[in-house]
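Participant: Okay, handing you the structure first.
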Amino acid sequence: MSDNSQKKVIVGMSGGVDSSVSAWLLQQQGYQVEGLFMKNWEEDDGEDYCTAASDLADAQAVCDKLGIELHTVNFAAEYWDNVFEHFLAEYKAGRTPNPDILCNKEIKFKAFLEFAAEDLGADYIATGHYVRRADVDGKSRLLRGLDGNKDQSYFLYTLGHDQVAQSLFPVGELEKPEVRRIAEELDLVTAKKKDSTGICFIGERKFREFLGRYLPAQPGKIVTVDGDTIGEHQGLMYHTLGQRKGLGIGGTKDGGEEPWYVVDKDVENNILIVAQGHDHPRLMSVGLIAQQLHWVDREPVTAPFTCSVKTRYRQADIPCTVRPLDDDRIEVVFDEPVAAVTPGQSAVFYLGEVCLGGGIIEQRLPLPV
């Protein structure tokens, strides 16, 4: 333990149970531990959705209980410039971005990492993410979290091995029920607090209402794959591929009552294209093209290789073959067709437990008709 006693770790305290237990685990490992609460969003809509104040109070209560100092920092300007504006631009272009991935890249493992090292003298930062780190041949690899249900490596694929090397992930070695049990034993205020599910800055608020404040909605037609107009949408940005709920259309005489699914968006003409059945051929893809690639611990792809991929969080691994197209684009071919591959989302690659990296889905490769 003594080799850690000179090492200072700044834990990103979110006011949740995972970061709370992370701080305690690091104390047990002998580190000098301090907390940092990041405010990434300037609330301007009253207290309806604002959890920042109560989250800060919970983070402070945990730090008081553990006897550690809590620092606060405001990254709202960085968040707006580097995460939120990109998020809006993607939606405007008809794609479905994942802002949590960008937030980890630009805020938690960039702005926070720099602030902790330069202003607080940290040797490491730590977060409550369910991932693991393994140091092999002088490089730090990113591994899936031990708890398969909670593994968050999908959200951290943009980290380089140097960022992973400066980060600790204490709860990644545990299963979620064990983390809750530890928090209850320690009588932490966060022990029974539910996990946050909203997009990192929007929180739990109604997504459609929030987006409408920044992007004017443009209603348009809902058209079937056969060209029949069967309804009206309130804005393409509110819909994503594979979506079933919230379309406001029932079954048809020919198709029976089988539910409708979004299978495509015609951004140019502002048309939402739908088909009946969750496995309709128009919803299936045989592969994808990915760009804006980030590899955690490997060189850029120069030759084909096989691995597995996830095209969204908590999806089962999809066996695939990856081929380079050019310096920053790859073609991914699935072993079996996959439903609802969504441009703008991330494709993240794995070899066993190791997260290799990933990229943004530029286009899907549709099932040949």
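A Cβ is built for glycine as well, from the same backbone N, Cα and C atoms used for every other residue.
Grabbed the feature section from Swiss-Prot, which reads as follows:
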type	residues	note
ACT_SITE	Cys103	active site, nucleophile
ACT_SITE	Cys200	active site, cysteine persulfide intermediate
BINDING	Gly12, Met13, Ser14, Gly15, Gly16, Val17, Asp18, Ser19, Met38, Gly128	ATP binding site
DISULFID	Cys103-Cys200	disulfide bond
SITE	His129	site 'Interaction with tRNA'
SITE	Gln345	site 'Interaction with tRNA'
Participant: Using a 10 Å cut-off on Cβ-Cβ distances across all protein chains shown, tell me which of the binding-site residues (Gly12, Gly16) has the largest neighbour count.
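Facilitator: Result of the Cβ crowding comparison: Gly12.
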Participant: Work out the three-state DSSP category of Asp18 (ATP binding site).
Facilitator: helix
Participant: In whole Å, how far is His129 (site 'Interaction with tRNA') from Gly12 (ATP binding site) when you measure between their Cα atoms?
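Facilitator: Counting only the Cα atoms, the answer is 10 Å.
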Participant: Where does Gly12 (ATP binding site) sit in DSSP terms: helix, strand, or coil?
Facilitator: strand
Participant: Measure from the Cα of Gly16 (ATP binding site) to the Cα of every one of the recorded positions Cys103, His129, Gln345, then give the nearest.
Facilitator: His129
Participant: Any idea of the Cα spread of the ATP site, Gly12, Met13, Ser14, Gly15, Gly16, Val17, Asp18, Ser19, Met38, Gly128, as a max distance in Å?
Facilitator: 16
Participant: Give the sequence-ordered list of residues that share a chain with Met38 (ATP binding site), lie 6 or more positions from it, and have CB atoms under 8 Å from its CB.
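Facilitator: Counting only residues 6 or more apart in sequence, the Cβ neighbours of Met38 (ATP binding site) under 8 Å are Gly12, Thr72, Val73, Asn74, Phe75, Ile107, Lys108, Phe112.
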Participant: Given the recorded positions Ser14, Asp18, Cys103, which one's Cα is the least distant from that of His129 (site 'Interaction with tRNA')?
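Facilitator: Looking at Cα distances from His129 (site 'Interaction with tRNA'), the smallest one goes to Asp18.
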Participant: I'd like the Cβ neighbour count for Ser14 (ATP binding site), meaning other Cβ atoms within 10 Å of its Cβ, all protein chains included.
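Facilitator: Here the count is 24.
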Participant: Write out the long-range same-chain contacts of Asp18 (ATP binding site), meaning residues 6 or more apart in sequence whose Cβ is under 8 Å from its Cβ.
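Facilitator: Correct list: Gly128, His129, Tyr130, Val171, Val179.
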